[in-house]
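A quick write-up on the structure given underneath.
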Amino acid sequence: MAADGVDERSPLLSASHSGSVTPTAPPYLQDSSPRAELPPPYTAIVSPDASGIPVINCRVCQSLINLDGKLHQHVVKCTVCNEATPIKNPPAGKKYVRCPCNCLLICKDTSRRIGCPRPNCRRIINLGPVMLVSEEQPAQPALPVQPEGTRVVCGHCGNTFLWMELRFNTLAKCPHCKKISSVGSALPRRRCCAYITIGMMCIFIGIGLTVGTQDFARRFHATYVSWAIAYLLGLVCLIRACYWGAIRVSYPEHSFA
């Protein structure tokens, strides 16, 4: 798990070693305080118990974790709460971040934002400026800053992502499914109506040219080009109207602006 290729959004302990206990996230409560998403600190101090076996307190439930044969690992799993506790400094260029749901994450030390991968959490943790920490001490989480933007529920996959635009009626690309949707329904509705209006006007103009210039077109065949242009523009506008009418809409969940 210390390799550089580890997905930064995934929990540090895989599901294959989760045992019989499944960690659950507490219900999400919107807190106006910046400490609502402050990851709890930890101290990677290994102390032997009375029998000489190295142990450490779990940073979530404070239970003792046996470190016998695990000192080569960066994190260990608590058998009581099933959460991860770090016992070593993170790899170079990385840092630990603990989500308020107690999921321990690893990310680049320059990261400003990280998302929790647990399906029942899906929080987006905003980290403050990077702080330099000596290698002798475990990395401490940076203070989260108040984000600007909107939590948006994707109209395709239903996942929540942070949209940094401070206005609605824009197109957004979901980072989960990579599909484009409209943030709010006003933009596609307005553009659909506009394209329908322009398309019908072009078709009516084409019909008028066809009826009014039939005799003229028999002598000057270039008149047929104007008919084709009018009908083609009308068809293109109607196709665009169908696109905007069928586009998926993503709705904002909470606004931080």
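Residue numbers in this text run from 1 along the chain shown.
In case you wondered, yes, glycine gets a Cβ from its N, Cα and C as well.
Positions annotated as compositional bias 'Basic and acidic residues' by Swiss-Prot: 1-10.
The annotation region 'Disordered' is assigned in Swiss-Prot to 1-34.
The compositional bias 'Polar residues' annotation in Swiss-Prot covers 13-23.
The phosphothreonine annotation in Swiss-Prot covers T22, and the record cites similarity to another entry as its basis.
If you look up Swiss-Prot, you'll see S33 marked as phosphoserine, on the strength of similarity to another entry.
Residues or ranges marked as motif 'CX5R motif' in Swiss-Prot: 107-113.
For C107, the entry in Swiss-Prot reads active site. Packing around C107 (active site) is summarised by its Cβ count: 19 other Cβ atoms lie within 10 angstroms of its Cβ, all protein chains included.
For 192-212 (among others), the entry in Swiss-Prot reads transmembrane segment. Sequence-distant contacts of the transmembrane segment (192-212) (same chain, at least 6 residues past either end, Cβ-Cβ under 8 Å): 223, 226-227, 230-231, 233-238, 240-241, 244-245.
Annotation source Swiss-Prot lists transmembrane segment at 227-247 (among others), citing sequence analysis.
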